[in-house]
Amino acid sequence: MVSRFYQIPGTHRPSSAISSSNESSSLLSARRISQTYFNYQATPECQKVSSKYDPDNPNKDKLGTYDGVFVPTALNVLSILMFLRFGFILGQLGIICTIGLLLLSYTINLLTTLSISAISTNGTVRGGGAYYMISRSLGPEFGGSIGLVFFLGQVFNAGMNAVGIIEPLLYNLGYSAQGEPPAALGELLPRGHWHEFTYATVILFLCFSVAFVGSQTVSRAGNILFLVLAASIFSIPLSALIRSPFTEGGISYTGPSWQTFHDNLLPHLTKGAAGSLLKGKETFNDLFGVFFPATAGIFAGAGMSSELRKPSKSIPKGTLWGLLFTFICYAVVVFSMGCSIPRRSLYDEVQIIQTISSVQWVIFMGEMATSLFSIIVGMLGAAYVLEAIAKDNIIPGLEIFAHSPLYSLIFTWILTQLCLFSDVNKIATFITMTFLMTFVVMNLACFLLGISSAPNFRPSFKYFNRYTTAIGALLSVVAMLIVDGISASVLFLAMILLFLFIHYFSPPKSWGDVSQSLIYHQVRKYLLRLRQDNIKYWRPQILLFVDNPRTSWNLIRFCNHLKKGGLYILGHVAVTADFPKQLNELKTQQKAWMKIRDMAAIKAFVQVGTGPSLIWGIRNVFIGSGLGGMKPNITVVGFFDLESYRKHIPQSRSQNNLQKQVEIKATVPRSTCSDVKINVPLPTDECKNETKVNVQQWVQIVEDLSLMQSNIAIAHGFKNLEIPNKRDSCFPKKTIDLYPIQMCGKVEAKGDQPAAITTNFDTYTLILQLAAILVTVPEWKRTHSLRVILFVEQEYHRTNETQRMKKLLQVLRIDAEVLVVSLDQFRVYNTIVKGDPIVFDYVNSKLADNEWWKDLVEARDTLKPKRRFSTIEPQTIAKQFTQSRKYTSGVQKLGVSFTMNTRMPTNRIDTPCESEDSDLDTDLTSIRDAFSASTNISVGKDLTTKSKTGSDRTNLLVKNLQSDVSTQSLRPVFSSNTLPRTRVVEDGTGEQPTLIPIAEPDLSNGNGTGSGIGNGNKLKKPVLPELSPCCSKDSLVTAMQNLGFNDLPSTAQHLVLNDVMTQMSKSSDLIFSTLPVPALGTHEDHDASLQYVEDLDIWLEGLPPCMLINSQTMTVTTAL
């Protein structure tokens, strides 16, 4: 079809010389035929060379598939039991059940052989056969335990053949006993117990000598013995065809007969048959236990793995062909005997096969051939297994067998010699158990490798899958229970004990095992399914930032206890501006911290992060830690090293005005536990030392963690913590004190949204939760108990607060003692709030550079009562009033309102000048009214603390986060409010909080101590606080009644808390309390950052080890 494009006006068709008329033609010229010159068919194929003649094969002189696997497997499976016990088993079970038993046994063998073939073709197989394959697949615990069991099975198999060979030997060459027919071939050997033991010993020693010469000699002997055995088996159906029927000495032979076949078709269990050792009637279980060893020699070829040229090829091929050959032989023998020998003859004669044979000496030679080779292979295979176990050094005490194969062969020979004291049937049952146990574990190994989907499990043998391996393992277990359930249970118990022994006493191995692949598969699967949305299953998942393990050793170990089955990550930051150059250093640090983890014996992951700065490194570690639902929910950071900071910066703001401190009489002494001394070199000693964090960086870390909604824990003084060990016990128990201090405010109404009371109930409960978790750790449970300490400002609140906390602890199922104290019992509080001068010097030294404190002191000095004289001049009164106004305004700017009480104390004697003082009383009343006015200060976004007078004492309106340090230092961070009432959501499921704090009606009182959260309507009206007895009462009452703990600036609050805790927790081992987080942007101002850190330092000074906690998530629930 011709394009219509050229029919548009203004277009023209290009000339034919430039363009082809075919518009769809390719822009490139057609490829010339001559350019395709490579012909793959002409490449000569590499000629296949047998491994026996391959000059590059270092094992070319070793055994191949036929002589190394097929012959040993055939000779070992075609056991002496075929000649000694097939007549007995066929007479009891009949042809159908015997063939069924044969099919069951060979099904187990075939499925196990498929597993052996798969594992052996997945890599290089060295000496040890089944042990080597299992140990490298399932690990040293499984390999060592099953290796010992398999070793004993091989030993008992050799012993069974050594004992079993005596019967045909005496039948053919022994002296005839009285009443018994003469020997078949000649009377040469005397009978008797010790004679028989001597014959077996001599035969065993001859077999040991052949095995001692070497595998090549065993191979040559095996080829000859295999031909003899094949001729012997071939003679059985041949005799059934050519020999005429006869009856001789109670033994009858009918030849091939349908009647005989019909009579022998079904089972007929009897007792007392020849070859039976049971006093009662035979059972299927006992017969299976005797029959199975006749088919269980499939590991004979695999046991020769160290002597094979190419084990991965020879083991599957030789074993499968050996199984097929032996199954045909057994089936032919069963049908030949079943259709030609009457059942009575099968009951009465053990050597019935030789008795009805046309060439009896051939049967005797076959019996000798299979027995001798089974003994040789059994001892040699067992010796190889023992040598392999010894070389792997997984069981202590076997090192001697690793030096020379001769030692393991001699030891195997001695153990086999001990088996000669037992009976064939008993040995056969034990061999069944050991072989079946080996089958179970071999199939299990292949099954686990298959389901683990390990990329490197790619066996060249493809005729297996997870179903064949699972069925093989299951059938093997069922077969064990069929034979003897008690023996199977005992063997399983022995396996478990061996497993545990190897697990705890064997040195670590670098083989790797399938458990790693399975763990990976399951972890990936369940990590994708893991959710953290249900509070019921909350657990601490800790990220601990550590710089130097020497200074944080106790904290590292403490967090390991605190995690209580949760996630634990050791985080470290390496600051680098040039990542490629520092990559090797990062790898070195990663390895070093992993060694630190192992030295500390903690269950933790290691996360080493990097960044151009410490802050970015912290962010990277936090964001990159964990996987899926296993992400850190608590970040632990050590407290800022303020002492080192002051040494390096002596002109810090805090030291410029630092005065001589006056110690309180009852302070907490320093812990008797010295700093942690680690006298051994640590792996991190060789790593690069990071620059010390500065105060602004430390505050920014806390801000960032809060911004990323992480629960934060600040650890202080943990170098003095004495961590209990497993052997410690203590009575009475030591104390862990909990101070769940409230930080609450009020969110102002905005539009349609009503005002709401806010509390730090999440932090409150997390403190209780972590402490409760810690005392469930066995080391802490035996040595420590919990104590919850609360404080209120008024004595009448104590009872109510105690009841609420006990109720909360009962709901949370936490066992702890509850103490509630009143702040007016403590000196620092009385000095700051009530003007008590008892520790004024100490408080003044701590608050010397605090403007709020200066103004308060000056206001109190101005309002200090003076003696009233009737001659007082009005000018003095006016001057005093003016000065009071001035300082009243100064204090008022700080958000503090005072209510002055003009009532005289009742115990004062009235002066005659009372009327003259009326004007002064009026003026002071004016001052009181002025002080009662509330003022605003910028401290937090839309947050206010509400006084109990009903007026807003501090209107917290933040318009700019970057307020100056003087303003920030005035912010109250704690509250003395009583514990909020809580409501339990009874139908909760754990997805949402089931314990909810209730905001109760706000009651006003006249003392301004608290916001009223948690106060019920039933509470009586508060009583005004009494004046300190140290205050002068000569004139007007000058107590500033509305000043309370909630009104104090942060520094003063921290000082009060320090006094409370030093008095209450002087003998405690550990303290948990609330962490006030800095406002966002605090780190941008050095003085504000330093003020925040110094406030915390004032609080924690002289205290036992403390952990300050801030939570942003609910961690407790009452849901089932």
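For all residues, glycine too, the Cβ spot is worked out from N, Cα and C.
Pulled from Swiss-Prot:
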type	residues	note
MOD_RES	Ser34	phosphoserine
MOD_RES	Ser654	phosphoserine
MOD_RES	Ser915	phosphoserine
MOD_RES	Ser918	phosphoserine
REGION	1-21	region 'Disordered'
TOPO_DOM	1-62	topological domain 'Cytoplasmic'
TOPO_DOM	107-145	topological domain 'Cytoplasmic'
TOPO_DOM	167-193	topological domain 'Vacuolar'
TOPO_DOM	215-221	topological domain 'Cytoplasmic'
TOPO_DOM	243-283	topological domain 'Vacuolar'
TOPO_DOM	305-317	topological domain 'Cytoplasmic'
TOPO_DOM	339-360	topological domain 'Vacuolar'
TOPO_DOM	382-393	topological domain 'Cytoplasmic'
TOPO_DOM	415-430	topological domain 'Vacuolar'
TOPO_DOM	452-462	topological domain 'Cytoplasmic'
TOPO_DOM	483-487	topological domain 'Vacuolar'
TOPO_DOM	507-1120	topological domain 'Cytoplasmic'
TRANSMEM	63-83	transmembrane segment
TRANSMEM	86-106	transmembrane segment
TRANSMEM	146-166	transmembrane segment
TRANSMEM	194-214	transmembrane segment
TRANSMEM	222-242	transmembrane segment
TRANSMEM	284-304	transmembrane segment
TRANSMEM	318-338	transmembrane segment
TRANSMEM	361-381	transmembrane segment
TRANSMEM	394-414	transmembrane segment
TRANSMEM	431-451	transmembrane segment
TRANSMEM	463-482	transmembrane segment
TRANSMEM	488-506	transmembrane segment
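For the transmembrane segment (86-106), the neighbouring stretch richest in Cβ pairs under 8 Å, chosen from 146-166, 194-214, 222-242, 318-338, 394-414, is 318-338. Mean pLDDT, taken over the topological domain 'Cytoplasmic' (1-62), works out to 59 on the 0 to 100 scale. Highest Cβ contact count with the transmembrane segment (394-414) among the listed stretches 146-166, 194-214, 284-304, 361-381, 431-451 falls to 194-214 (criterion: pairs under 8 Å). Note: the stretches the transmembrane segment (318-338) and the transmembrane segment (361-381) are not in contact (fewer than 3 CB pairs below 8 A, sequence gap of 6 or more). Residues 67, 71-72, 74-75, 78, 255-256, 329, 332-333, 335-337, 339-340, 353, 356-359, 362-363, 365-370, 372-373, 376-377 of the same chain lie 6+ residues outside the transmembrane segment (222-242) yet bring a C-beta within less than 8 angstroms of a C-beta in it. Within the same chain, the transmembrane segment (463-482) stays apart from the transmembrane segment (194-214): fewer than three Cβ pairs sit under 8 Å, each pair at least 6 residues apart. Count of Cβ pairs under 8 Å against the transmembrane segment (194-214): among 63-83, 361-381, 431-451, 488-506, the largest is for 361-381.
The stretches the transmembrane segment (361-381) and the transmembrane segment (488-506) are not in mutual contact, being linked by fewer than three Cβ pairs under 8 Å (pairs 6 or more apart in sequence). Long-range contacts of the topological domain 'Vacuolar' (243-283) within the same chain, counting only residues at least 6 positions beyond its ends with a Cβ under 8 Å from a Cβ of the stretch, are 84-85, 87-88, 90-97, 181, 338-350, 352, 355-358, 423, 425-426.
Within the topological domain 'Vacuolar' (243-283), the DSSP-based counts of helix, strand and coil residues read 6 helix, 6 strand, 29 coil. Beyond the topological domain 'Cytoplasmic' (107-145), the same-chain residues lying 6 or more positions past its ends with a Cβ under 8 Å from any Cβ of the stretch are 151, 295-296, 298-299, 302-306, 311-313, 315-316, 319-320, 323, 381, 384-385, 387-389, 392, 394-395, 436, 438-439, 441-449, 457-461, 463-464, 468-469, 471-472, 475-476, 479, 495, 498-499, 502-503, 506, 509, 511, 513-515.
Remote same-chain residues near the topological domain 'Vacuolar' (483-487) are listed as 285-286, 288-289, 292, 429-430, 432-433, 436 (criterion: CB distance under 8 Å, separation of at least six residues from the stretch ends). Beyond its flanks by at least six residues, the topological domain 'Cytoplasmic' (215-221) meets 62-63, 67-68, 71, 304, 307, 373, 376-377, 380 of its own chain at Cβ-Cβ distances under 8 Å. DSSP labels the residues of the topological domain 'Vacuolar' (483-487) in these numbers: 4 helix, 0 strand, 1 coil. Same-chain residues lying 6 or more positions outside the topological domain 'Cytoplasmic' (452-462) and placing a CB less than 8 Å from one of its CB atoms are 114, 117-122, 312, 316, 514, 517-518, 520-521.
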